[in-house]
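Some features that TrEMBL has for this protein:
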type	residues	note
DOMAIN	228-282	domain 'DUF2179'
TRANSMEM	12-45	transmembrane segment
TRANSMEM	57-75	transmembrane segment
TRANSMEM	82-100	transmembrane segment
TRANSMEM	112-136	transmembrane segment
TRANSMEM	157-176	transmembrane segment
TRANSMEM	182-205	transmembrane segment
Amino acid sequence: MKKSYFSNPYLQILLGTILIALSINWFFAPNGLVTGGIAGIGIILQTVSTEFLGFTIPVWVTNIVLNIPLFAISIKQRGFNFAKRSALAVTGVSVMLSIVEHIPNPFWVGDDLLVCCIFGGALSGLGIGTVLRNLASTGGTDMLASIIRFNHPRFPIAKLMLGIDGLILLTGLFVFGANKAMYAIVAVFVSTRVVNNVLAGLHYAKAVFIMSSYNEQISKAIIEKLPRGVTGLSARGMYTKESKEMLFAVVSQKEITKLRTLIQEIDEKAFVVIADVREVLGQGFIEDYSAIM
């Protein structure tokens, strides 16, 4: 089967870099929203250089200059294969930043920082998530954290990234004030949520545990009418000391209402527990899921 042109990972990485550049130049930089990362450092340097040095250091210059040594170290530590897609992503972000800064923002909302946080965070999250989903990195703090962890494996990479971004956010607080720093945190929250959704592919599901005296009828109804697989698990009530079979099934969100109806029609007294599932791999859900670097 011929693959779609848009399934090309390098094209998707390029699309992600465009979205990241738009979020920075249209929403974050004009409003002094420092959201961490090298882009955050770039926004700080751009403002400080313009106000105090008499010239402007563009965000794209900071992005590429600071990422060069990080890539050199990463290649030395892990080899070129580790960094080649990320090199495209970082170069793409820098090039797109230099282009987008000359394009007027058609969605300019003035001083409405909350709208900038929401739309900027959403664009940023969509861009970063797209890049990560294609086994690349935008460089910056995640790559710096990876370098530190390579030499000090005892440090969790998530905490290293949090610490580095925290320092950048703190610097932004002193440059732009507490008000914008708090709005920047909102933007980070929105961006993180969108990144998580992109990486999960929006394939949420529901796990269902069923205790009933009519297991055969319920399992048959689920298999034939949804249709979904059902697993029987051995269970023991600690109060009654009785051993029973518990049914377990995973269904999509749109199927959960139909499943409830099926169970209620067969056994109104059935004990049912429904839990959120972040990701499901396998037949009927996600067939294959690439590892994220």
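Quick reminder: no glycine exception, Cβ is built from N, Cα and C everywhere.
Outside the transmembrane segment (82-100), and at least 6 residues removed from its termini, the chain residues within Cβ reach (under 8 Å) are 9-10, 13-14, 16-18, 20-22, 24-26, 39, 58-61, 63-64, 67, 71, 74-75, 131, 134-139, 143, 293.
In terms of C-beta pairs under 8 Å, the stretch of 57-75, 157-176, 182-205 lying closest in packing to the transmembrane segment (112-136) is 182-205. Taking every recorded stretch in 12-45, 57-75, 182-205 and counting its Cβ pairs under 8 Å to the transmembrane segment (157-176), the highest total belongs to 12-45.
With a cut-off of 8 Å between Cβ atoms, the residues of this chain six or more beyond the transmembrane segment (182-205) that come close are 23, 27-28, 31, 33-36, 113-114, 116-118, 120-122, 124-126, 128-130, 132-133, 165, 169, 172, 250-253, 276-280, 285-286, 289, 292. Through the fold, the transmembrane segment (12-45) approaches residues 6, 57-63, 66-67, 85, 88-89, 92-93, 95-97, 99-101, 103, 105, 107-108, 111, 113, 116-117, 119-121, 123-124, 126-131, 133-134, 136, 138-141, 164-166, 168-169, 171-172, 175-176, 180-181, 183-184, 187-188, 191 of its own chain, all at least 6 residues removed from its boundaries and within a Cβ separation under 8 Å. The average pLDDT for the domain 'DUF2179' (228-282) in the predicted structure is 88.
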